[in-house]
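Feature annotations, reproduced from Swiss-Prot:
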- 1-25: region 'Disordered' (REGION)
- 1-87: transit peptide (TRANSIT)
- Cys98-Cys114: disulfide bond (DISULFID)
- Cys113-Cys181: disulfide bond (DISULFID)
- His180, His198, His207: Cu cation A binding site (BINDING)
- His328, His332, His370: Cu cation B binding site (BINDING)
Amino acid sequence: MASLCSNSSSTSLKTPFTSSTTCLSSTPTASQLFLHGKRNKTFKVSCKVTNTNGNQDETNSVDRRNVLLGLGGLYGVANAIPLAASAAPTPPPDLSSCNKPKINATTEVPYFCCAPKPDDMSKVPYYKFPSVTKLRIRPPAHALDEAYIAKYNLAISRMKDLDKTQPDNPIGFKQQANIHCAYCNGGYSIDGKVLQVHNSWLFFPFHRWYLYFYERILGSLIDDPTFGLPFWNWDHPKGMRFPPMFDVPGTALYDERRGDQIHNGNGIDLGYFGDQVETTQLQLMTNNLTLMYRQLVTNSPCPLMSLVDLTLFGSTVEDAGTVENIPHSPVHIWVGTRRGSVLPVGKISNGEDMGNFYSAGLDPLFYCHHSNVDRMWNEWKATGGKRTDIQNKDWLNSEFFFYDENGNPFKVRVRDCLDTKKMGYDYHATATPWRNFKPKTKASAGKVNTGSIPPESQVFPLAKLDKAISFSINRPASSRTQQEKNAQEEVLTFNAIKYDNRDYIRFDVFLNVDNNVNANELDKAEFAGSYTSLPHVHRVGDPKHTATATLRLAITELLEDIGLEDEDTIAVTLVPKKGDISIGGVEIKLAIVKLVCVVNLLTLQLNKDRFCYDSVFVCWFVCLFFNFHV
């Protein structure tokens, strides 16, 4: 088997808080991978002309529900795509109709953060990459020398100077921060629907383009076209602390609106959601590496979420990709001020700066954080298997609007940002120990007595997840052969997860443990994954502020590791970490090798139901892409 790591030798790993060294093999065995080399994952694809509630849509506005595009997912659901009633890419926003963004559904951002408007949006050209003579290399923040830090400070300082001398200049610091505010807090609408680049498949490409121009602006301000934006290397033990260069008062990189937990050399918790984990720093490091393995290997073997809903823009279902879920959101929260605390200006905190989308860009660290998020996109694809970019044309042809380093407006497409080297930059080669950090069984030996805990039918629907709960659930099949596993993936699905979208949300899922599990230790095979959500505006005008989501976890590998393959019934434990959550139901399903289109094409009025026609095409495309046999 080919190595999944970027180097061929073993990685010598020092813990961030001790001088001890652990050797992590860079060439995992087949059992270390979620997608075993001989597996050929296949999925049932069902295309229905139904609305979100499963009823016939009287307006012929068709939902892309039940289109299965893969198990696990880096990108998330296409739930924020302004398509109206037919399939179409997301167009760039109309800057002339930008609304005042909101911190939440009722509170407006205290300043106007819409981008400067070009004279004529219809004449804004598509961006063309300049010729590349030398790649810009983005370095890890913890390894920068004093000269590089000084150059970085100078670039940010000059960017901030423009806020005073030319406040409407689109390359100024506040104007750059406003980009995230407008795109992420309800500033732009298309056909009456709020454009939201989070909790959707637009997350990675939007932020890549955002940082691309930001980096070029920094380089132009210091006359250095080779300047590379540093990345906060939080996925490696050496980078699991707050980068010191950002914590020097009086410098351009400093931001006073940050939480106290970043100081004193504290290690970052990549699963942080407002409460510090009571554990050792070494355990925190292993938790982080486990989370990275789960998010980039176990739960993201394919581009899109399992049983993915390619929904129309404006859906009430919100599903982020695995990396956006964790570690992206927890890092935002860990750096920002604690919600409800008092800010330096005397106002009550909404998580500013990093802990709220509208203000995140005001912290220079935001861009280094997202530089590493962007790097994860590359690292995920380098892991191999079916980890490739989406080929859906709606995604590839979706567009955004940005200003370049000269203040000129441009439109950009998703399809043009898939290769960083073609864009003119790359990342400094850095070890990725999480690739080999497959957790082992740590709970008590044997199977939990499922007869001593209630069945899922007596637990769900669950009105409030306010304490750890355990339940038993029947599997659709047990003692499956390897051939059956190759053809069908077992998926644990939590449906109708509801919560207030103004709150931080997290709960963890474990298999074969009871409700006394130590949920602060994640480096065990029994840990299946987590659901998280960062406060955001997804639907302006929703008085209930209620978000509805689904969590899907691939458990075939976990059942093998724990030794439960022959069991008809297994125990599942949920541990709430943050926020008020209700869950409608839970089930285990097998993803089946079969194409099922319940639409009768002979009765379609294609001029009215164009999307259903497109859906059938997508179904066939998926079959071809994943080597289905129909």
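Keep in mind that glycine also has a Cβ here, set from the backbone N, Cα and C atoms.
These figures come from a predicted structure and were not determined experimentally.
Separating the Cα atoms of His198 (Cu cation A binding site) and His328 (Cu cation B binding site) is a whole-number distance of 11 Å. Take the CB of Cys113 (disulfide bond) and look out to 10 A: across all protein chains shown you find 23 other CB atoms.
According to DSSP, His198 (Cu cation A binding site) sits in a coil region rather than a helix or strand. Residue density at Cys98 (disulfide bond): 18 other Cβ atoms are found within 10 A of its Cβ, drawing on all protein chains shown. Looking only at the recorded positions Cys113, Cys181, His207, His328, His370, the one with its C-alpha closest to Cys98 (disulfide bond) is Cys113. Ranking the recorded positions Cys113, Cys114, His180, Cys181 by Cα distance from His370 (Cu cation B binding site) puts His180 first. Each residue in Glu324, Ser329, Val331, Ala360, Phe366, His369, Val373 lies on the same chain as His328, His332, His370 and has a C-beta within 8 Å of the C-beta centroid of that Cu cation B site, without being one of the site residues. Same-chain neighbours of the Cu cation A site beyond His180, His198, His207, judged by a C-beta within 8 angstroms of the site's C-beta center, are, in sequence order, Tyr183, Cys184, Val197, Phe203, Phe206, Tyr210, Phe357, Ala360, His370. The separation of His180 (Cu cation A binding site) from His328 (Cu cation B binding site), Cα to Cα, is 15 Å.
Between the C-alpha atoms of Cys114 (disulfide bond) and His180 (Cu cation A binding site), the distance comes to 10 Å.
Other Cβ atoms within 10 Å of the Cβ of Cys181 (disulfide bond), summed over all protein chains shown, number 27.
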